[in-house]
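Under the heading transmembrane segment, TrEMBL lists 7-26, 73-95, 107-127, 158-182, 221-241, 278-299. The domain 'ABC transmembrane type-1' annotation in TrEMBL covers 70-295.
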Amino acid sequence: MKKGLHRMYLAFLSPVVIAFLVAYLYPVLRTVQMSFFEVSDISADRSTWNFVGLYNYIDLFSRQLFKVSFKNMLLIFFVGGVLVFVISLFFAWVLHKGMMMGNLWRNLVYLPTVITPVAMITVWTQYAYNTRYGLLKTIFEMLGLKQLAEIPWTSTQYAFWAMLLAFCFCSIGGNLLVYMAAMKKIPDDLFEAAFIDGATEGQIFFRITMPLIMDNIRTQFTFWTIGCIGFFLWSRVFSVVPSDPTTITPASYMYDQIFGTTISANAVASDTNVGMGAAIGVVLCLVTVAAMAVINLIFPKEKYEM
């Protein structure tokens, strides 16, 4: 009987294990191996690879563009993280406490989350940041702030912060719904008892609500961290030119190294350096592992009963 069960388990698990080895583990190991070689093309035959040892990593960390891309990633993580988590927690608390037309506001805030990033980027660049008829220009002109109305938000000088603002705006909705759902699970008796004991709204939020939804905050923070490390699409579409130092991130830089950068016959073009791109991928993987270890240390492991 046990042998039959073991065979059944093996029969069901084998396809999954094989798929994992072929679709995930093999590409990872090949990428790590490729990072120690000079490779001209991603589909180049193994016999054409030229072993260079740690040169790709040494060269990578000496490149100014990679340093700039890493700095941009950290700015997105820290500055964007503060904006997204503070605003989403605040609105989740306000909507949870009860607000006129609360469902309408919740749906409006969540709406950007369900729209594809490319469409949202187009809306922001063509309609919000447009220097002729954009939303920001109109608002600033109505307020009499002519200097702010004339700012070219998509220019090299302001592109990064314009991109970050738009990205944060589109990231708030998902976090807000998660926090609202977590807050609804908290028994009302806890809040009523706190009010009877004379607790203020701030004390209730930080001493009751926050600890009870900490698991959800940790989950969203983990997703945010992984998303920032792999930040690519917004950087790519917002860039005036490929590899633009203003908005470039490590993931975007990795793409340029592996696949090259070509706009047209008369525009910017760059040679591929697949080994360098693989090295960037390995570095990002190590950064992700380190970030997950830090998250496990920062967030408390104890759970509160509700």
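Each Cβ is built from the backbone N, Cα and C atoms, and glycine gets one as well.
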Quiz item: Between 7-26, 107-127, 221-241, who has the most Cβ pairs under 8 Å to the transmembrane segment (73-95)?
Solution: 221-241
Quiz item: the transmembrane segment (107-127) and the transmembrane segment (221-241): do they have three or more Cβ pairs under 8 Å, with pairs 6 or more apart in sequence?
Solution: yes
